[in-house]
Amino acid sequence: MSEEKEKIVLKTAPFDNRFPNTNQTKNCWQNYVDYQRCIKAKGEDFEACQYFKRIYRIMCPNHWVEQWDEQVENGTFAGRI
Amino acid sequence: MKDFIKNVYCSLIRDANEPWQLGFQDAGSPVMEEIIMLHDQILFILTIIVGVVLWLIIRILLGNNYYSYYWNKLDGSLIEVIWTLIPAFILILIAFPSLRLLYIMDECGFSANITIKVTGHQWYWSYSYEDYGEKNIEFDSYMIPTADLELGDLRLLEVDNRLILPVDTNVRVLITAADVLHSWTVPSLAVKMDAVPGRINETGFLIKRPGIFYGQCSEICGANHSFMPIVVESVSLSKYIDWIGREDL
């Protein structure tokens, strides 16, 4: 248990000046698109891309991400990657 | 007798609505404390206004003196200036604290330590914690039917899985819906945010004390709208971290 305790850090997605309002939909979308662009340009192992992934995983509802992942796979995703 | 005492005790220690309730529930967050304070201030001003106006009406209708009906019946510049300026001043006295509070409530996402995702479904809530790397905690929270309640449980308010949160920690809550409009509401924490399909709404709070806070869906969402309550259980930070470590859903 104590090992688990050490691993858990209370840290979440920081405040993003681009999205200061109650509506955070664009925040989630932008980070998802940025991640897809990042891995397309640099590959999935590129460490900096993981930042976007972490943020969109925190901000986006899981059922949205599942849908978008499918669309990316099928080439029907609406965003420009 | 013992059962009765336990029932009453359990109802009293929980932050839920109660029959014939007229006032607010006890505050569980600083924002709720401020809201109650603003409400009391406005009610104080209102009481003075009602008292003075009633007193004037009675004097004018009954009196045959300085305040009587026939006095000043044509015009009076001074009294008009006074009864314009005093209400204006009173309105300012109400508006500024109210605006201050509004902006405080809007600053929830600035310094959050925890983010919780809330999704409204017909007719249950689902919660998700994603802050802890690959350790994704996700669960649904259904109301416990009346037949399955235990002694001391609150009817139509208990759920099978409570939302566990730490005290004295800034929590960001991201709310959306999977089907129709819902509204995620916890009165003691001063939170009421619409859950809209296709949109993420952000709100937040800081819980000041350990406790169990109850709320209900506040946007008509269909046949079982009344049967999708919200229960937030606040615990100490160390207990929260233990729970996160244990939870493996």
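Backbone N, Cα and C define each Cβ position, glycine as well.
These figures come from a predicted structure and were not determined experimentally.
Per TrEMBL, the features are:
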type     : residues        : note
DISULFID : A:CYS28-A:CYS60 : disulfide bond
DISULFID : A:CYS38-A:CYS49 : disulfide bond
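With an 8 Å limit on C-beta distances, the disulfide-bonded residues from A:CYS28, A:CYS38, A:CYS49 that reach chain B are A:CYS28. Secondary structure at A:CYS60 (disulfide bond), as computed by DSSP, is coil. Each of the disulfide-bonded residues A:CYS38, A:CYS49, A:CYS60 was assessed for Cβ neighbours inside 10 Å, and the highest tally belongs to A:CYS60. Cα of A:CYS28 (disulfide bond) to Cα of A:CYS38 (disulfide bond): a span of 15 Å. The number of other CB atoms found within 10 A of the CB of A:CYS28 (disulfide bond), across every protein chain shown, is 25. Cα-Cα distance from A:CYS49 (disulfide bond) to A:CYS60 (disulfide bond): 16 Å (rounded to the nearest whole number).
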